[in-house]
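Down below is the structure, laid out as structure tokens.
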Amino acid sequence: MIGDDIAAISTAPGEGGIAIVRLSGNDVIEKVERIFKPYRAGIKLSDKEGYSLSLGWLCDEKMEIIDEVLLGLMRAPRSYTGEDVVEINCHGGTLPARRCLEAVMWQGVRLAQPGEFTRRAFLNGRLDVSQAEAVIEVIRAKTERGMNLALKQLAGRNSQEINLLEDQMIEVNAMLEASLDFPDEVGDLDYSAAQGKLQEVKNRIDKLLLAGERAEIYREGINVAICGKPNVGKSSLLNALLRKEKAIVTSIPGTTRDIIEDYINIRGIPVKLKDTAGIRSTEDLVERIGIERSQEVISEADLVLFILDVGTGIDQEDRKIYEKIEKKNKIVLVNKEDLEEKNISEAELEQLFPGVKIVRGSIIEETGLEELEESIEKAVLSGQLQSDDMEVMINLRQKNALLTAKRHIEESLAAMGKVSLDCLGVDIWGALEALGEISGKNLKEEVIERIFHDFCIGK
């Protein structure tokens, strides 16, 4: 029930400098005051202004000291939830935070549900639903680029875009209703003007969807598989990109027998990099199992880095491997360019890999790596919106709502002048309702429950 008093530990479990127990509700200030002994005698928490701090001791129900704490007080409506909020900053560690939480629960404060603080912020009008969803995007961001996009959503960028679309759809609906209700005064619907506005909204939705696809890459990241025959430098490339010794590197072919993977940030894109076993014909059972796993990883990868050895040239093994990845999104890396003898020519590369990005370099001397990272970024973002004027992060729920709105608009455009105004109005309202699901104006309770279900306790 909104307004009742809730509490939860808001910091991650484990040892640390401090831990924070957050409380929100109508009576949390009074309840914390009962078990708080300020250092300065005569200071009452209930008399303090918002955005103030108080140092003292937090006690249990018997007024025995639990911990030295710093209380942060935020008064409604200028708090995260829009209600009175108290944050108890205690010593870090599981036990101090748990004891502080138990102490306030003895005063009649209940344990918060996952996402309940943010849900209250939404219900109290502090955040709209798009901003509330951005909170979890900020928490889960894997790179600075992804976090910056989430912060823009939290600041209301998505809401501004949706509000603009809603305003335009309301204008079209007003034109429609005026022609229906006041035909003598207003006259027939100006189909040309209505079509123009609907087309404008549709174009804007298309841009939002494209921008959302690009943001999805920054949020979820991509899987990149490194492949090639044994001893071409796959593990060396993994180590070079990670800037650490993750994979064992030897001159013995077949050293890597299982998938080695790690995360890396390439120009703001979270990349799960997977070093695969060298693909070749072998009688070794363990190596053969590793090769089979490699082929599975390659088939599931968003991008494949295919490595060639300039010293050995392109042989039949290389050609067989390339046949398996020919239809994949790929980059060819010609390695060991530091060798004096080079057995791969530009003409041969152009003939075998037409239209494929070729990067030449030496992993051991770290040449070509910057070009490779740039090529990975371009390959991943190929065809995506590049303009910075439409930077939004769109989740699956919002994407589905936009697609629904777009479908209604397309049906309206197709039916314009062919059906009655009443029938036309059905799709206009359908588009408005779909947009309202993004802004939160038309959200059902079960959808709200689903949105906040994925939040952690204490947020």
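Note that Cβ sites are derived from N, Cα and C of the backbone, with glycine treated the same way.
It should be emphasised that the depicted structure is a prediction, and the values quoted were computed from it without experimental measurement.
Swiss-Prot lists Arg22, Arg126, Lys459 as binding (6S)-5-formyl-5,6,7,8-tetrahydrofolate, and of Glu64, Glu83, Glu87, Glu166 the one it places in that same site is Glu87. Taken together, the residues in the domain 'TrmE-type G' (221-381) have a mean pLDDT of 82 on the 0 to 100 scale.
Cβ neighbour counts within 10 Å, taken over all protein chains shown, single out Lys234 as the most crowded of the binding-site residues Arg22, Lys234. In the structure shown, the C-beta of Ser235 has more C-beta neighbours within 10 angstroms than that of any other entry among the binding-site residues Asn231, Ser235.
In the structure as shown, the Cβ atom of Lys459 ((6S)-5-formyl-5,6,7,8-tetrahydrofolate binding site) sits within 10 Å of 19 other Cβ atoms. Binding of (6S)-5-formyl-5,6,7,8-tetrahydrofolate is attributed in the record to Arg22, Glu87, Arg126, Lys459, and the widest Cα separation among these residues amounts to 18 Å. Under 8 Å, Cβ to Cβ, and six or more positions away along its own chain, Arg126 ((6S)-5-formyl-5,6,7,8-tetrahydrofolate binding site) finds Pro77, Tyr80, Thr81, Gly82.
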